[in-house]
Amino acid sequence: MSYSCGLPSLSCRTSCSSRPCVPPSCHGCTLPGACNIPANVSNCNWFCEGSFNGSEKETMQFLNDRLASYLEKVRQLERDNAELENLIRERSQQQEPLVCASYQSYFKTIEELQQKILCSKSENARLVVQIDNAKLASDDFRTKYETELSLRQLVESDINGLRRILDELTLCRSDLEAQVESLKEELLCLKQNHEQEVNTLRCQLGDRLNVEVDAAPTVDLNQVLNETRSQYEALVETNRREVEQWFATQTEELNKQVVSSSEQLQSYQAEIIELRRTVNALEIELQAQHNLRDSLENTLTESEARYSSQLSQVQRLITNVESQLAEIRSDLERQNQEYQVLLDVRARLECEINTYRSLLESEDCKLPSNPCATTNACDKSTGPCISNPCGLRARCGPCNTFGY
């Protein structure tokens, strides 16, 4: 791009007339891509004497091109920055309410699940306590059952012993009855023998009554026999009474023992029936407690499985949300880094613009206000000066580009 400058032609001094005013190296360059631009143009000490030489025109043209490209790049970067800011703003406006709403719902769901888990834990603890109480009650019932079973066995053994005693007493009673019968038969036999002997003696005495003997008074045999008979009868009666009394006493005692044994047997049978009923009721209750424990354990297992599945689902949701948050954070960090890079580029461009501006200002200040005072300053190789160098000079294109 060529600029038509209204400035008069300028030429360098004799010390720099044979070479362009460009430093041998770009050590003064501080901006990227500007190494071909002189960092300090004032080293050439150039002033207006007539017209620019070729190298100075090329340098100014190059500076104007670079400045225009940098300004265009700054505008493009500003547009890109504005687009990125709008995109970030739209993205944040689009995602912020959704994320907040989803987080609130997740927090509410998590709180509800935590409350349910706490309720389940308390219910589980209560069920465990009930199971422990049921186990203790079942152990107590088992102990009572074993105690009652041992008592039942003892009572049955006592009943068997009493039955054996009753059998022995029955045998003894039958023996005593047999003895009484035998004594009665013996008594009848004795009576019959006595009658036979009496009759025999009477017959013998009846045959001897005709004999008369003068002797001492004889003994009355009938009286003796009667006395003997009365004595035997009294003895037999006494023995019979004693035997009957002994038999009655033994029978009464045996009856009392049988009655007491039967009463005890009935009471024991009633106790056994009651114990059987109690044992059956305890067995039924124990079976019910076992069924209740099994049902509670199944319910607990199902609840744990259900809540574990719900908790895993919530964990997956939380993981997805955290991954989305991580992606959003990474996107924000990346955009922030890009924004910082753009800000750095903008700052460097502004610094470069300020540097070019200061260079141009310094070069404008170094231009002499009356170059005709030094008429011998022109070199022969650069051509003669303009006849009227002190005329008014207008700003060139690059100066207008900076806004002066």
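The backbone N, Cα and C atoms fix where each Cβ goes, glycine too.
Residues annotated as domain 'IF rod' in Swiss-Prot: 56-367.
As annotated by Swiss-Prot, region 'Head' applies to 1-56.
Swiss-Prot lists 57-91 with the feature region 'Coil 1A'.
In this model, the region 'Linker 1' (92-102) carries an average pLDDT of 59. Taken from Swiss-Prot, the feature region 'Linker 1' covers 92-102.
Applying DSSP to the region 'Coil 1B' (103-203) sorts its residues as follows: 101 helix, 0 strand, 0 coil. Here Swiss-Prot flags 103-203 as region 'Coil 1B'.
Taken from Swiss-Prot, the feature region 'Linker 12' applies to 204-219.
Feature annotation from Swiss-Prot assigns region 'Coil 2' to 220-363. Secondary structure of the region 'Coil 2' (220-363), assigned with DSSP and counted as helix (H, G, I), strand (E, B) and coil, comes to 143 helix, 0 strand, 1 coil.
If you look up Swiss-Prot, you'll see 364-404 marked as region 'Tail'.
According to Swiss-Prot, the feature site 'Stutter' maps to Ala305.
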